[in-house]
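Novice: Below are the structure tokens for one structure; questions will follow.
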Ligand SMILES: N=C(N)NCCCC(=O)O
Ligand SMILES: [Zn+2]
Ligand SMILES: [Zn+2]
């Protein structure tokens, strides 16, 4: 089908090119892009670029997150153009596109990290906000490097069962358990606004927590979310972040394995997908400059449970970005 003739949901014919219209083209037809949005090469310019980073050479346990981005794209066929939770039609407010995948070397982590940073530089340099679909959590480091080049040190909200501030694994500096220690060492994070959310599970020792605190992180455990509720947690996080440029990194293993079985290092006792989505909606007024959703490993998934949760997570994040782009236009 010619992309120019594909029926799309596009309330304003001169506005953003919208997703393929699922009331006219069955949603399971054709190749998958995120939310059935146009590819980058089908539009003149993009406000939000959804980009895949199929890389998982940094994992410490189950591999397979290299297939995560495409699993999320497949699951995202069911997303619809109006988001009632944020009373927003995100793809009508801003040009959101699928920018394809970064070709990262699976045999050389250092080279892959450089390739990912360069690709992110290209996207951010074009003026777009970046919504990345991983890949394992290693990729957050080069993404943050690029974001900091543009915005300076950014506030970080890190949703994860794990701290990911360990020093090295088997002597390796760049792994999925170490990106945020590297990022603090490199001065690319605003250490007055760093939070982990969803933390739980056994650690190597108590020192892991004291080291993490010294780096500047605050912790909201998954039990805190359960006890205090999503709204109160979001309020507290929003106050801490203020109007700083914000990066949100979401390791899908922040969710309980019941909500996200398809991941490499699952831990019992996690958040529900409802809690995660509600916290994100509570952050809609934050200045979200870029985000990632990582660690979806479809080989361990069942019935696309994890990929569906990840696609809805990325949808809330792109909605927040689109709203802010629209608001900054009218400001
Ligand atoms: N899933 C991520 N990003 N990190 C987990 C590292 C946990 C470990 O192997 O000790
Ligand atoms: Zn994790
Ligand atoms: Zn992680």
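Every residue gets a Cβ built from N, Cα and C, even glycine.
Predicted automatically and left uncurated, TrEMBL annotations should be read as such.
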Novice: Quick one: which of 137, 302, 312 does TrEMBL put in the Mn(2+) site with 160, 162, 164, 251, 253?
Specialist: 137
Novice: Under DSSP, is residue 251 (Mn(2+) binding site) part of a helix or a strand, or is it coil?
Specialist: strand
Novice: What does DSSP say about residue 160 (Mn(2+) binding site): helix, strand or coil?
Specialist: coil
Novice: What other residues of this chain sit with their CB within 8 A of the center of the CB atoms of 137, 160, 162, 164, 251, 253, the recorded Mn(2+) site?
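Specialist: The answer, listed by sequence position, is 158, 161, 163, 176, 177, 254, 265, 294, 295.
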Novice: Which Cβ among the binding-site residues (137, 162) has the fewest C-beta neighbours inside 10 Å?
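Specialist: Fewest other Cβ atoms within 10 Å, among the binding-site residues 137, 162, is found for 162.
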Novice: For the region 'Disordered' (1-21), what are the DSSP-based totals of helix, strand and coil residues?
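Specialist: Breakdown, helix to coil: 0 helix, 2 strand, 19 coil.
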Novice: Find, for the listed binding-site residues 164, 251, 253, the residue with the lowest Cβ contact count at a 10 Å cut-off, counting only other Cβ atoms.
Specialist: 164
